[in-house]
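The next block holds one structure in the form of structure tokens; read it before the comments.
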Amino acid sequence: MTEKLKQGIDQLGLKVPETIQQSMFAFLAFLQKWNQAYNLTAITEIKSMITHHLLDSLSILPYLKGDKILDVGSGAGFPGIPLAFACPEKKFTLIDSKAKKTAFLLQAASRFKITNVTIIQERVGSYQPGFYFDTITCRALGSVREIMEQTNHLLRPGGQWLIMKGTYPEKELRGTDASAIVHVLNVPGLKAERHLVEVKNNKG
């Protein structure tokens, strides 16, 4: 299975040290164990987790900008945890309103010594960290417009939203920021369509 992860990372054109890949794989095993009791993800097999969670998350790595990243609605840690593993020089904040999910994330961060992550249990609309983020990521949480409206107070001027979607979100993009760019994500081993909506924050 670790070879499947390595091949996928190579196909994405990414450079991730083998020790980090091993930690990512161990994180999936940890998630699988917790999932038996807490139902954190509908995907239960490691093989599918590699594709649907790890590689899917890592597919947006080339688009990541800045040093302060906020992952909204992190759930079981995607895309935030894989990105934090891959970018130890950046600081990630993972926010989710559900206690069982943030409890898992706190345990995972401690167990795997992911020192560049901060876990927050709170609704993102109420979150006031006292500073702006450079990039806000989000996967499977609301429409593009909803995500932008809920997090607008957290993104610095000139920063970016990276919103992960399945099929091309044509309807969602109507009436949103004209600077939106949609990238096709080719996730190794994943047959389903994946897209990334990149929107620059033009507020002055």
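Cβ atoms here come from the backbone N, Cα and C positions, even for glycine.
The candidate list Arg123, Arg139, Arg145 contains one residue that Swiss-Prot assigns to the S-adenosyl-L-methionine site with Gly73, Phe78, namely Arg139. Proximity of Phe78 (S-adenosyl-L-methionine binding site) to non-local residues of its own chain (separation of 6 or more, Cβ distance below 8 Å) is seen for His53, Asp56, Ser57, Arg139, given in sequence order. The DSSP secondary structure for Gly73 (S-adenosyl-L-methionine binding site) is coil. Look at Arg139 (S-adenosyl-L-methionine binding site): DSSP puts it in a strand. Largest Cα to Cα distance within the recorded S-adenosyl-L-methionine binders Gly73, Phe78, Arg139: about 9 Å as a whole number.
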